[in-house]
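For reference, the structure discussed in these notes is given below.
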Amino acid sequence: MGAAASRRRALRSEAMSSVAAKVRAARAFGEYLSQSHPENRNGADHLLADAYSGHDGSPEMQPAPQNKRRLSLVSNGCYEGSLSEEPSIRKPAGEGPQPRVYTISGEPALLPSPEAEAIELAVVKGRRQRHPHHHSQPLRASPGGSREDVSRPCQSWAGSRQGSKECPGCAQLAPGPTPRAFGLDQPPLPETSGRRKKLERMYSVDRVSDDIPIRTWFPKENLFSFQTATTTMQAISVFRGYAERKRRKRENDSASVIQRNFRKHLRMVGSRRVKAQTFAERRERSFSRSWSDPTPMKADTSHDSRDSSDLQSSHCTLDEAFEDLDWDTEKGLEAVACDTEGFVPPKVMLISSKVPKAEYIPTIIRRDDPSIIPILYDHEHATFEDILEEIERKLNVYHKGAKIWKMLIFCQGGPGHLYLLKNKVATFAKVEKEEDMIHFWKRLSRLMSKVNPEPNVIHIMGCYILGNPNGEKLFQNLRTLMTPYRVTFESPLELSAQGKQMIETYFDFRLYRLWKSRQHSKLLDFDDVL
């Protein structure tokens with residue numbers, strides 16, 4: 001029940017709005033005719049009176065018309081008779097001249113109104129015909145129930161400027177505009193008579209009852225503008241999102257470049273400054289590391305008695321006696337082996353595979369010195385025992401019973417430490433605590449010469465051990481481990497005079513410089529150079 005009532009109210013409101021639109025359209029067309037043809041001004045008054053009188057009552061009190069889609073406006077002819085007369089005879093539709101049909105279009109600003117609506121009428125079909133100045137058939141002038149006798153003694157309003165002169169009866173029948181015609185007594189807009197707009201086609205439909213199908217034609221320009229606005233808003237939204245993403249990407253890229261350049265700057269400049277400022281602090285902290293702790297001394301568990309003291313002293317004396325005997329025996333055997341003619345004391349090169357381009361080092365040694373023995377060992381998998389066995393085997397191959405006079409250890413490392421094997425770093429603290437490292441250096445000392453009048457030399461290349469005070473401590477601890485053999489350790493800078501002398505002792509200096517220049521290069525294979 002409520003839905004039906006609301007539906008009827010909606011239909012009534014639509015009907016009233018349609019009636020108001022027709023009245024506004026009638027007045028607009030009348031003003032258009034008055035401006036275009038000043039002599040036909042009475043035609044506009046008749047048109048307004050007809051439109052208003054047809055819809056004077058409310059839509060509820062009027063009977064439903066036969067055709068809701070008829071605008072009931074006539075273009076050819078003038079009104080005859082009073083507005084209150086009812087035609088008694090209705091002729092068939094086929095008789096008499098064909099009326100023109102006017103449609104409502106939404107062109108802007110031809111009729112000012114409070115709702116800013118502008119509605120005008122456009123002639124869409126009909127033929128211009130001349131009719132005699134006699135009374136014609138009566139036509140229905142309004143769908144509201146009142147019928148008028150309309151005659152066509154005049155020519156078309158839009159086609160001739162002489163309608164009112166030829167038909168003076170039309171001027172007598174024209175009533176003045178009433179002030180209750182929905183406020184349509186406003187002054188007409190000035191419009192050039194020669195300027196006429198082409199209007200899009202649209203039919204005005206009165207929707208009052210449900211038995212009439214709805215066939216509304218929306219104006220083409222309004223539909224197009226609506227679609228264009230929607231598409232434009234979507235395009236603007238998409239473009240804004242795309243522009244925002246591009247802006248964020250540019251900002252992120254610029255921030256990444258700035259951060260990368262800043263990190264590079266810190267590596268090139270700031271790191272050196274920080275290193276200079278914190279060198280003393282890092283040196284102090286190095287002594288507090290676990291591997292830098294001094295070796296704890298074992299507690300003396302022996303009884304504090306004279307017997308135990310005498311036993312220890314006698315044991316030490318016996319060990320020293322055996323060591324002296326072994327020392328003398330080994331020294332005599334080495335002297336006998338070195339007495340042969342043409343004997344050259346051997347120089348052993350211990351090369352770690354961790355050194356870049358280490359496989360080319362045996363090819364750049366001095367070719368005029370056959371006493372140089374290169375030994376390349378695997379940094380990842382070799383052990384201290386493997387290295388010692390390889391040194392003994394190469395010495396026996398070179399000359400049986402020969403010992404090392406000079407030795408070069410070419411490996412990676414740094415100030416204060418020596419990187420001999422994987423997970424085996426020689427530092428001044430570790431050579432005192434780790435058993436395998438202590439055993440390696442002691443066995444290596446037994447392979448050094450005992451008949452050399454000068455101390456045996458072990459050169460360190462590939463790193464600068466003495467760049468840190470811990471390097472001197474490391475050398476001192478190694479010398480202590482290798483006693484009673486006289487061994488000295490040297491690690492000069494390669495660009496110094498001592499460094500050049502060390503290089504010339506083992507390498508061809510020209511080939512060594514060439515190898516050094518290609519050591520970290522991937523552009524040229526060293527085999528091609530050699």
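Cβ coordinates are placed from backbone N, Cα and C, and glycine is handled just like the others.
Residues or ranges marked as compositional bias 'Basic and acidic residues' by Swiss-Prot: 38-48 (among others).
Among the features that Swiss-Prot reports, compositional bias 'Polar residues' is placed at 153-162.
Annotation source Swiss-Prot lists compositional bias 'Basic and acidic residues' at 300-309 (among others).
If you look up Swiss-Prot, you'll see GLY2 marked as N-myristoyl glycine, on the strength of similarity to another entry. There are 6 other Cβ atoms within 10 Å of the Cβ belonging to GLY2 (N-myristoyl glycine).
The phosphoserine annotation in Swiss-Prot covers SER204 (among others) and rests on similarity to another entry.
Residues or ranges marked as phosphoserine in Swiss-Prot (evidence: similarity to another entry): SER290 (among others).
Taken from Swiss-Prot, the feature phosphoserine covers SER292 (among others), and the record attributes it to similarity to another entry.
The region 'Disordered' annotation in Swiss-Prot covers 34-67 (among others).
Positions annotated as region 'Disordered' by Swiss-Prot: 125-197 (among others).
Look at Swiss-Prot and you will find 285-312 (among others) tagged as region 'Disordered'.
For the motif 'Nuclear localization signal' (247-250), residue counts in helix, strand and coil come to 4 helix, 0 strand, 0 coil, using DSSP. As annotated by Swiss-Prot, motif 'Nuclear localization signal' applies to 247-250.
In the predicted model, residues of the motif 'Nuclear localization signal' (247-250) average a pLDDT of 90.
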